[in-house]
Amino acid sequence: MSYAQTRTQTKAGYKAGVQDYRLTYYTPDYTPKDTDILAAFRVTPQPGVPYEEAAAAVAAESSTGTWTTVWTDLLTDLDRYKGRCYDIEPVPGEDNQFIAYIAYPLDLFEEGSVTNLLTSLVGNVFGFKALKALRLEDLRIPVAYLKTFQGPPHGIQVERDKINKYGRPLLGCTIKPKLGLSAKNYGRAVYECLRGGLDFTKDDENINSQPFQRWRDRFLFVADAIHKAQAETGEVKGHYLNVTAGTCEEMMKRAAFAKELEMPIIMHDFLTGGFTANTSLAHYCRDNGLLLHIHRAMHAVIDRQKNHGIHFRVLSKCLRMSGGDHIHTGTVVGKLEGDKDITLGFIDLLRENYIEENRSRGIYFTQDWASMPGVMAVASGGIHVWHMPALVDIFGDDAVLQFGGGTLGHPWGNAPGATANRVALEACVQARNEGRNLMREGGDIIREACRWSPELAAACELWKEIKFEFEAVDTV
């Protein structure tokens, strides 16, 4: 067949030009399928752009559409593959914002790939000129897609069985200063914190392998500290060894060395490291019996602005699919951003198996995790012993309460700082189990415990005036 004949035949069923997105991608009569991936976008259109057109543009640009009609549309079934905006909902109190609900057929996404999922949903559309701002508020991941992911390497119950600790939150500490310590001094700080009563210590997010402390030296000194602390206390101890590196090959080499040293847990910066690297590491951890702690470094660049970016509840869901046993979630009461209701919403999305839609907590869709293991929430950032009652009340048992400055800043040193936190935690758990109200009686509970612990009394005196009372930027 000649070129001229081909050109004539395509003309018969094809009309070139630009048409409104809403003619194809706005389908208010559509009923989402159980297998659809559903997305809730907060859309701020440019002045003069109708809501239906802006919403349809998001559906088009995040699925099959482009700016003009193309004749190759005739070579596929667009009705099968296109994203569809099926509902629009105004945002209360905002004149020019609305929530666009979009359904995507499952065929658009590669199985087991968070990287491909996000590349489609948020990879290009956020730069679209017709929009002033765009934020992905929530996703509903269907069971059919979830079953293509391994998820967390182990999950909450398996972790507790590995470390033999039940009925209370776990205690951690980020070693400070985060940069500048030699490997030997770093190991010393780890040992002091663990023998003082903590369950875990932690590399900070930006400790990798710098001139003042190469990764192999740090791993060796930390391993010595853990083995010594375990022998002295009779408890399983751990340190989150950060294996994040410049290449996946180097990252896996560091993970393998941690396993060789019989370390129970390693760590990854999942956003700066990337989802492909994180998923690979999670698979390695399951195969080799390592727990995987996840740091969310860079998250606020993506999630803090209320009208643009990706909400952390979406990043949390993506992390649970990609794989991690812990992830930092904020504290509500500490120095980092976090509205209480929203924080509790995405903590449930990390830990629970089935979560009902609850708009007061920012949950737009009911999510069934199909028995995928849960992720333990990590409360970290500006917390100290006076926060302990609120933290136990807010987070419950399946969490790691991580006191960095709140341990290492103790006036008597690292080990007494760890002891102060352990005593405060044990006092709060006992009081809760006896039926006392931690939010109302928390101060009294801590003061009573000070009578039996000079380490706790010294910590309480030091931090009695320290508060972080700022209004949350991101609210429902």
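Cβ atoms are placed via backbone N, Cα and C, with glycine included.
The annotation active site, proton acceptor is assigned in Swiss-Prot to Lys176 (among others) on the grounds of sequence analysis. A C-beta separation below 8 Å, combined with a sequence spacing of at least six in one chain, links Lys176 (active site, proton acceptor) to Asp204, Gly404, Gly405, Leu408. In the three-state DSSP assignment, the secondary structure recorded for Lys176 (active site, proton acceptor) is coil.
Taken residue by residue with DSSP, His295 (active site, proton acceptor) is part of a strand. According to Swiss-Prot, the active site, proton acceptor annotation covers His295 (among others).
Annotation source Swiss-Prot lists substrate binding site at Asn124, Thr174, Lys178, Arg296, His328, Ser380, citing sequence analysis. Within its own chain, Arg296 (substrate binding site) has Asp269, Phe270, Leu271, Phe312, Leu315, Ile327, His328 as residues 6 or more apart in sequence whose C-beta sits under 8 angstroms from its own.
Other C-beta atoms found within 10 angstroms of the C-beta of Asp204 (Mg(2+) binding site) number 18, with every protein chain shown included. Annotation source Swiss-Prot lists Mg(2+) binding site at Lys202, Asp204, Glu205, citing sequence analysis.
What Swiss-Prot lists as N6-carboxylysine is Lys202. According to DSSP, Lys202 (Mg(2+) binding site) sits within a strand segment.
Residues annotated as site 'Transition state stabilizer' in Swiss-Prot, with sequence analysis given as evidence: Lys335.
Checked against His295 (active site, proton acceptor), the binding-site residues Asn124, Lys178, Lys202, Glu205, Ser380 differ in C-alpha distance, with Glu205 being the nearest.
Of all residue pairs in the substrate-binding list (Asn124, Thr174, Lys178, Arg296, His328, Ser380), the one with the greatest Cα separation is 37 Å apart. When the Cα atoms are compared, Thr174 (substrate binding site) and Lys202 (Mg(2+) binding site) turn out to be 5 Å apart. Figure note: comparing Cβ neighbours within 10 Å for the binding-site residues Asn124, Thr174, the maximum is reached by Thr174. Cβ neighbour count for Lys202 (Mg(2+) binding site) (all protein chains, 10 Å cutoff from its Cβ): 29. When secondary structure is read from DSSP and collapsed to three states, Asn124 (substrate binding site) falls in the coil class. Mapped onto three states, the DSSP output places Ser380 (substrate binding site) in strand. Across the fold, the C-alpha of Ser380 (substrate binding site) and the C-alpha of Lys202 (Mg(2+) binding site) stand 11 Å from each other.
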